[in-house]
Amino acid sequence: MDRSTLILSILFTLTASTTIFSSPVLAGTFDTEFDITWGDGRGKVLNNGELLTLSLDRSSGSGFQTKKEYLFGKIDMQLKLVPGNSAGTVTAYYLKSNGDTWDEIDFEFLGNVTGEPYVMHTNVFTQGKGDREQQFNLWFDPTADFHTYSVLWNPHHIVFKVDDIPVRQFKNLEHRGIPYPKMQRMRLYSSLWNADQWATRGGLVKTDWSNAPFTASYRNFRADACVSSAGKSSCPASSPRWFSQRLDLTAEDKMRLVQSKFMVYNYCTDSKRFPQGFPKECSIH
């Protein structure tokens, strides 16, 4: 079985039995839910607020953030990433709180030369400390069409999902002395920027500016979340469904399959990086 046939077989297995959490969502247009925060016109809201694009050229990238802050929720966004030779570019899509001891939940998409797979970089910060990177090769072309990238964040765990398939889980293990993000409200941010000093093969491949401007596109933002305002959180009526959601055995099997086939870096196996021993959560299942 060749690689493409294998991937199609895996995808059929994954998507045929994917569990969809059927709670109502709170959707809004980009002009009502987001502020474009930098880029001097390189971020654009189009199609009556249904589409947002970020662009990068040699002078600047661009970015946006939600007007609202969230404390737990299920956040979905459809992205279509920079096409063609995107080496050196990074499209970041993440939740983050303020302050020096911030919490953060990261997706970052590292561009590559034409025809090579995009690397999806994930990380979790608690109280200003990250170093929990896991990276995956995407099993499809993320530049050809929109795909849904989701974060489920509740008191039990953080789950990263791609097209509703779980790819990573970070559990609440506070009882084992591991900090967990649960007190700090976060905004959703995204940016497109040049990171050719490190992004592609450790910075060996530089951005080809003859391909600029580079553009990433966004649509179908949905936040089924507790919205924070004036120090208080207001949760939608549907929140109990996702607020207590855990991965069942079927979802965990899907996650392990994705990790076995497509994970290309896991901090929990990088012994050179942690010569004194792996972080505590790496040995807890």
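In case you wondered, yes, glycine gets a Cβ from its N, Cα and C as well.
Remember, TrEMBL labels are computer predictions, not curated facts.
TrEMBL lists 1-17 with the feature signal peptide. As annotated by TrEMBL, domain 'GH16' applies to 16-218. Here TrEMBL flags E104 as active site, nucleophile. Per TrEMBL, active site, proton donor is recorded for E108. Marked as N-linked glycosylation site by TrEMBL: N112.
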For N112 (N-linked glycosylation site), what is the tally of other C-beta atoms lying within 10 angstroms of its C-beta? 21
Along the domain 'GH16' (16-218), what average pLDDT does this model show? 91
